[in-house]
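Asks: According to TrEMBL:
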BINDING   Arg41, Ser49, Lys166, Gly167, Arg168, Thr169, His170  3'-phosphoadenylyl sulfate binding site
DISULFID  Cys149-Cys161  disulfide bond
DOMAIN    30-186  domain 'Sulfotransferase'
Amino acid sequence: MPRTLETQITLEKTPSYFVTQEAPRRIFNMSRDTKLIVVVRNPVTRAISDYTQTLSKKPDIPTFEGLSFRNRSLGLVDVSWNAIRIGMYALHLESWLRYFPLAQIHFVSGERLITDPAGEMGRIQDFLGIKRFITDKHFYFNKTKGFPCLKKPESTLLPRCLGKSKGRTHVQIDPEVIDQLREFYRPYNIKFYETVGQDFRWE
């Protein structure tokens, strides 16, 4: 991380920190005052999105159903598959709470980030202790991609949207498979809601 002045906030991001075993200890050893922001979304939707992205790069991979279950008729979900394991948020959070108090971790709803980006950004700015600079005038909804894009209110520059890998149409999945995965995630979701004191309403 670059050196940061008292009046500055330095941000760095990667989707893999939250699920990497060594990350909490390493970040704590670097700076125990670090504030952490975690974007979470419905774990079933997240797994399908993950699969859709992988499929676009490797078209010959097995089906979503085949990767999700060790034995579907018995309802045995394959937790060794990363796309499934990542959504077990309560499990990953335990590692972080060994090093950081909950007050230093802010959870962003991936769903609300799409439906109310300004509201979510407002809460992030509050958490960081900075003035609410980014507001609803900084966003517009891109109907093609299906999510909000950034714009500078006073600028004539084109709005900034996430890259081509974002906003893809998800692969169609058997509704029964989705129901089985919802059941699998339910206890993890409930434990996560209770731990963070926030109901994300994924049921």
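Cβ coordinates are placed from backbone N, Cα and C, and glycine is handled just like the others.
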Asks: In the structure shown, which of the binding-site residues Ser49, Thr169 has the fewest other Cβ atoms within 10 Å?
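Replies: With the binding-site residues Ser49, Thr169, fewest surrounding Cβ atoms within 10 Å: Thr169.
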Asks: Could you measure between Arg41 (3'-phosphoadenylyl sulfate binding site) and Cys161 (disulfide bond) for me? Cα positions, answer in whole angstrom.
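Replies: It is 20 Å, counting Cα to Cα.
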Asks: Just how many other Cβ atoms lie inside 10 Å of the Cβ on Arg41 (3'-phosphoadenylyl sulfate binding site)?
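Replies: The answer is 19.
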Asks: Please work out the number of neighbouring Cβ atoms within 10 Å of the Cβ of Cys149 (disulfide bond), leaving out its own Cβ.
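Replies: The answer is 18 other Cβ atoms.
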Asks: Run through the Cβ atoms and count how many others sit within 10 Å of the one on Cys161 (disulfide bond).
Replies: 17
Asks: Can you give me the Cα-Cα distance between Ser49 (3'-phosphoadenylyl sulfate binding site) and Cys161 (disulfide bond) in Å, rounded to a whole number?
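Replies: Distance (Cα to Cα, whole Å): 18 Å.
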Asks: Could you state the whole-number distance in Å separating the C-alpha atoms of Cys161 (disulfide bond) and His170 (3'-phosphoadenylyl sulfate binding site)?
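Replies: Checking the Cα atoms of Cys161 (disulfide bond) and His170 (3'-phosphoadenylyl sulfate binding site) gives a distance of 19 Å.
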Asks: Reported as an integer number of Å, what is the Cα distance between Thr169 (3'-phosphoadenylyl sulfate binding site) and Cys149 (disulfide bond)?
Replies: 17
